[in-house]
């Protein structure tokens, strides 16, 4: 055998061995799903409300990972947009004008009018409505995300969306800035 043939066979054997190792590694260390979509989904509010135009938060997260805009989530508001912008290293955009940031709302069931059909319970994506068939239903306010998916299926129209009032738990306190954190124009206004 000539030296060239031995070299070609040796290279062929090395290539086959390397291919087998890479094939094994591809199967053994395969990543399930899209990791960036999972990180995006973790930042979304999980209301599954559909106000973004997608049927839930996970499809919207996959769309963002595929290049869709990050400003279509009204329940998440500006805080979610900023967190998504930081994660994806893009410029934050104002909330989409079509959705718009609205005051926080919760569902309120007028219990005297409720017929107990359970359609609102089935429509609620976060199980914030409790009740039994042919019994009145009520909303667990701390669980309600204000997505208003329960309003439309109600056959007697006894569900209203009301604005959450400010209390000590929901009121946003403005933190005063320390003098070292103020920029020159802020110092002039503070004086």
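Cβ atoms here come from the backbone N, Cα and C positions, even for glycine.
Site annotation for [4Fe-4S] cluster 3 in Swiss-Prot covers 144, 147, 150, and the matching candidate from 117, 124 is 124. Sorted by the number of other CB atoms within 10 A, the binding-site residues 117, 147 start with 117, the lowest. Classification of residue 57 ([4Fe-4S] cluster 1 binding site) by DSSP places it within a helix. Predicted-model confidence for the domain '4Fe-4S ferredoxin-type 2' (135-164) is 89, expressed as mean pLDDT.
Each of the binding-site residues 52, 150, 154 was scored by the other Cβ atoms within 10 Å of its Cβ; the lowest score goes to 154.
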